[in-house]
Amino acid sequence: MSEVMQIGGVDLRRLAQKVGTPFLIYDETKVEQKLQAFRHHFVHPEFETQVVYAGKAFLCGKIVRMVHEAGCGLDVVSGGELAVALHAGMPAGHIVMHGNNKTPQELTAALEAGVGLIVLDNVQECRALAELAQRLQRHVNVLLRINPGVEAHTHEYIVTAHIDSKFGVSAADTKGWEAILKTVEASPWLHFRGLHAHIGSQIFEPQAFEAEIEALGALSKEMQEKGYSVGVWDLGGGFAARYTEEDAPIPVEQVCKTILNACCAQKAALSLDVQKVMIEPGRSIVGEAGTTVYTVGWFKSTPGKEYLFVDGGMADNIRPALYQAKYDCTAVDAPNTPADHTYTVAGKCCESGDILIEQAHLPEMKTGDLLAVHTTGAYCYSMSSNYNHLGRVPVVFAKDGRAELVIRRETAQDFVRLECQEALE
Ligand code: LLP
């Protein structure tokens, strides 16, 4: 006997009748548990620690409030993300501002809001920030984004000079980072606090973080010897989520321990000044908590494939097309029925690459059934597009049998809302 699939105690079929499909639903408890797990385990007697949620993974007022309530900070990468964060009540002092090409407007907004940290990417930006801070008479704490020469991709990581990254300054480019530190030093408004690095995403190898920390240790030592005190290490994000059963992310407790012990060992071995360690998890907080629910439309058999079409696709989840990302799915109305069919789940966008799952193992499906695609909580909504004007999906948070709509569906009215006929010249 099959029951209808539920999330947060909410029946997905009933919810589909209320909000239509496709929709994205978050299990609120899972998000809370992840935030708590990071908060609980990312502690060490040697350091002040801070967990900063990377808003690029998924951002809206609801998640900002949850992050704040859990005692975490927020990482933003644009004026838009900053505005959403402030609007939702995140104290500016808990916000970290990132970006390799922050505009003068974005830097101004960050200064005016009084963000806790701005992460400097390059020397031009640093000069512009010093000028703006002077003009606005605002003090600001800064980190320097370093490219540590460690690059991690899922199950592999490489230690290379990797000198061509668009982010930050290479640890090996002494002249480059010195120029920035001197600019900071020359400004009475900018205050150098430490280093930031981010080595990749969906990382399964704890050794990759250890390599990152070693690189930061060596560089901090070099800086210290030149008279610059590095008090903060912000190690970025990259903690993996489980998309399919092949994925085995490092448990939060273990990855936090590995990181903090490695920091402690570096600090002791090199007599470093570092007092505070930060991390910026994004995907690992929201990824597994999210599920996208589609309605099954038509089917098509080709010599090699049994297509099952759904009423969304690459507009709401670009990750399979962009990264060959793998997803699992469940038949909402028959979650316990044996999966004896193999379908290629394709979206409705005008693009051959609009395939969500190449080989989905499901019971026999029919038109009108609901299909739940798992682990769509990170980088799906935030990377969604208006391609083919399908309309961005609504977002629901569910907990203890209650469901709350936190972002409504984008409709034709929204498409035409921005249109105008305004003479400019
Ligand atoms: N901090 C910085 C500076 C970052 O650049 C990122 C992600 C994070 C934190 C959060 O990383 P996470 O813990 O979520 O891995 N669109 C890609 C992921 C791009 C990640 C970019 N930076 C995807 O869908 O897989």
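A Cβ is built for glycine as well, from the same backbone N, Cα and C atoms used for every other residue.
What TrEMBL says about a protein is an automatic prediction, not a curated fact.
On a predicted model such as this, the values are computed, not experimentally measured, just so you know.
The domain 'Orn/DAP/Arg decarboxylase 2 N-terminal' annotation in TrEMBL covers 30-286. Per TrEMBL, N6-(pyridoxal phosphate)lysine is recorded for LYS56. For GLY238, GLU280, PRO281, GLY282, ARG283, TYR379, the entry in TrEMBL reads pyridoxal 5'-phosphate binding site. Summarising the annotation, TrEMBL assigns substrate binding site to ARG283, ARG319, TYR323, GLU351, TYR379. Under the heading active site, proton donor, TrEMBL lists CYS350.
Over the domain 'Orn/DAP/Arg decarboxylase 2 N-terminal' (30-286) the predicted model carries a mean pLDDT of 95.
Ligand 1 lies under 6 Å from the Cβ of GLY238, ARG283, out of the binding-site residues GLY238, ARG283, GLU351.
Packing around TYR379 (pyridoxal 5'-phosphate binding site) is summarised by its Cβ count: 25 other Cβ atoms lie within 10 angstroms of its Cβ, all protein chains included. Closest to ARG319 (substrate binding site) in space, going by CA atoms and restricting to the recorded positions LYS56, GLY238, GLU280, TYR379, is TYR379. For PRO281 (pyridoxal 5'-phosphate binding site), the nearest of the recorded positions by C-alpha distance turns out to be LYS56; the candidates were LYS56, TYR323, CYS350, GLU351. Cα-Cα distances to TYR379 (pyridoxal 5'-phosphate binding site) place LYS56 within 10 Å, out of the recorded positions LYS56, TYR323, CYS350, GLU351. Put simply, TYR323 is the one of the recorded positions TYR323, CYS350, GLU351 whose Cα lies nearest to the Cα of GLY282 (pyridoxal 5'-phosphate binding site). The local packing around ARG283 (pyridoxal 5'-phosphate binding site), expressed as other Cβ atoms within 10 Å of its Cβ over all shown chains, amounts to 25.
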